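Asks: According to Swiss-Prot, the protein has these features:
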type	residues	note
BINDING	Cys77, Cys82, Cys88, Ser317	[4Fe-4S] cluster 1 binding site
DOMAIN	89-306	domain 'Radical SAM core'
BINDING	Cys103, Cys107, Cys110	[4Fe-4S] cluster 2 binding site
Amino acid sequence: MTNAVQTHMPAARAKPKKAIQGEKLRGYDKVARIPIKIIPTVEAKKKPDWIRVKLSSPAEVARIKSTLREQKLYTVCEEAACPNLPQCFADGTATFMIMGDICTRRCPFCDVGHGRPNELDKDEPRHTAETIQGLGLKYAVITSVDRDDLKDGGAAHFVEVLNESRALSPNCLIEILVPDFRGRMDIALDLLTETAPDVFNHNIETVPRLYKAFRPGSDYQHSLDLLKIYKERRPDIATKCGFMVGLGETEEEIYKLLDDLKAHNVDMITVGQYLQPSKDHAPVDRYVHPDEFQRYMDYGKKIGFFNIWAGPMVRSSYFADRQYYGEDCPAPIRSKKALAAEGKLGC
């Protein structure tokens, strides 16, 4: 007698919605048209014990959100569903996302909405500056959606935000996390060389072999060149780059990626675990053990990065001020039971 194997074909889905100006496409509607199709996840991998965040103050989280809504501002913390949001907001920090909340790219790892963005908000630079001042920030991170619809990719808007913020908070350090400005690199670098941040950050996201699947519309070498050329123009400004693990890369590919970043004049590195925002996004290939993250940090220090933070919950702007000042990466939060099972619990 043989056992019948029952297979279930995915139910037919409606055609994905078309992009309409000002409307965000998320989940299936966002990723349905990328070159390498995403098969919806039926059962997600169980998260290990080291995927944890600290409990936070609900009152402080509510205060930050209220301030942001009053100023009509967005944060990548909220739009990208960052798991560290409660901890960072409770600590009085947030990463401002300028140029709206609609991205012109369709990266299947990211939860930021895709579509046809609205025109830039001319008041956003002032509102951002007022919020930085109102929160009393000493270190601010400003990022953006990709704006392939703009001739300069939004670089001039970054400059306006920098100028307005420094006028109101001259002692606040500002890190900008920029898109790749593909097709617009020269004009963008001209603008951001003249009006420079304290840290120039651009995320390369993954290893080159996985670019077609996870970064459609982007180019690995272009991102490396962006970082290198900026550092050549402004050697006095710290450069920074982040990427994810758990997408299907190998450990050897990560070491090669770190070598590439070092060869392209990057000073600081962040490495974090990819977490799937929804069943329609790219699935998690594996959960990387904290010991592997430690090997990446050890290697990064060996080849000469000023600082490298690598850990399950590390994100590009995670305690960015601490990394800038040279502090070591916080250890992941783990249960005593799990540590004991691995023989790592002291007497």
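Cβ atoms are placed via backbone N, Cα and C, with glycine included.
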Asks: What are the other residues, in sequence order, whose C-beta lies within 8 angstroms of the center of the C-beta atoms of Cys103, Cys107, Cys110 at the [4Fe-4S] cluster 2 site?
Replies: Arg105, Arg106, Phe109, Asp111, Val112, His114, Val145, Asp146
Asks: Please report the distance from the Cα of Cys107 ([4Fe-4S] cluster 2 binding site) to the Cα of Ser317 ([4Fe-4S] cluster 1 binding site), rounded to the nearest angstrom.
Replies: 19
Asks: Counting across all protein chains shown, how many other Cβ atoms sit within 10 Å of the Cβ of Ser317 ([4Fe-4S] cluster 1 binding site)?
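Replies: For Ser317 ([4Fe-4S] cluster 1 binding site), the 10 Å Cβ neighbour count is 28.
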Asks: Under a three-state reduction of DSSP output, how is Ser317 ([4Fe-4S] cluster 1 binding site) classified: helix, strand, or coil?
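Replies: Assignment for Ser317 ([4Fe-4S] cluster 1 binding site) reads coil.
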